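See below for the structure under consideration.
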Amino acid sequence: MSFITFILDYGAPPLLILSPVLSYADQIMSIHRTKTSAGFSLDIPLIMLVASIFKIFFWFGSYYSAPLLIQAISMVGVQVILLKVALDNRPSSGVEHTPFIGQGSESGFVRPYGFWQWKSARPYWMFLTYFTLTLLVIHTILTPISRSSAYIELLGFSGLGVEAFLPIPQIISNQRSRSCEGFRPSVLISWLLGDAMKMGFFFFSGGTIPLAFRICGVFQCLCDVYLGFQFYTFADWRSWTTNDLPSLDRWGMKTSDMQMS
């Protein structure tokens, strides 16, 4: 067990810190190279930025393991670049919102004030600025709130919960269509290996890991395992080949355009 703990303490942190860059660098380069963000959902930077900003402020009340804080900071930097590149290269048809399959206007759901569907780039940056400033004001001025254990736990579960629920739209889509067309096992394996690394780090490393990380991490791991069950159940093994089908990530996007951790 001591050898495994050593590996988790010294091997997992660098991978956790580099995972945002490794996961999204190819997507950024692809959009920049092709000069179009067609098929890319702007909801992805929204979700990851909100989750990571929550986790950064959560650290000031929880002081969890430093590699997890550095990962959140690096994720913010990477997602800001990704959002900028995606906004600068939007197709004339407008933005995509593929993570929320079946929740568009055709299902009766309309986002208030067209939230995160704006035509101009400025409102996106204004929202992120106001969101961050609001948390900063609470942290620095409204100290009775920011120092309360309830508020600290709310920050942690909000940030980690948003991130943990990301597989849900893909699971719902697969279940409704009774198909995992384009879902390559190599992608699923990479997710499960990432989950295994995180679970090992969360439960067996010597760092300080809050309960929120463990609960939300287990939930996301279970979601990915269920995605694997869906693939096993719905995949057409007779006609499936790695060359015949495009590879899709958990938001229904081609992995040639986006590689997710």
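The backbone N, Cα and C atoms fix where each Cβ goes, and this holds for glycine too.
Listed in TrEMBL:
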- 6-25: transmembrane segment (TRANSMEM)
- 37-60: transmembrane segment (TRANSMEM)
- 124-142: transmembrane segment (TRANSMEM)
- 148-166: transmembrane segment (TRANSMEM)
- 187-205: transmembrane segment (TRANSMEM)
Out of 37-60, 124-142, 148-166, 187-205, which stretch touches the transmembrane segment (6-25) the most, going by CB pairs under 8 Å?
-> 187-205
With the transmembrane segment (37-60) as the reference, find which of 124-142, 148-166, 187-205 contributes the most Cβ pairs under 8 Å.
-> 148-166
Other than its close neighbours in sequence, what residues sit by the transmembrane segment (124-142), given a CB gap under 8 Å and a spacing of at least six beyond its ends?
-> 42, 49-50, 53-54, 57, 60, 83, 87, 116, 118, 151
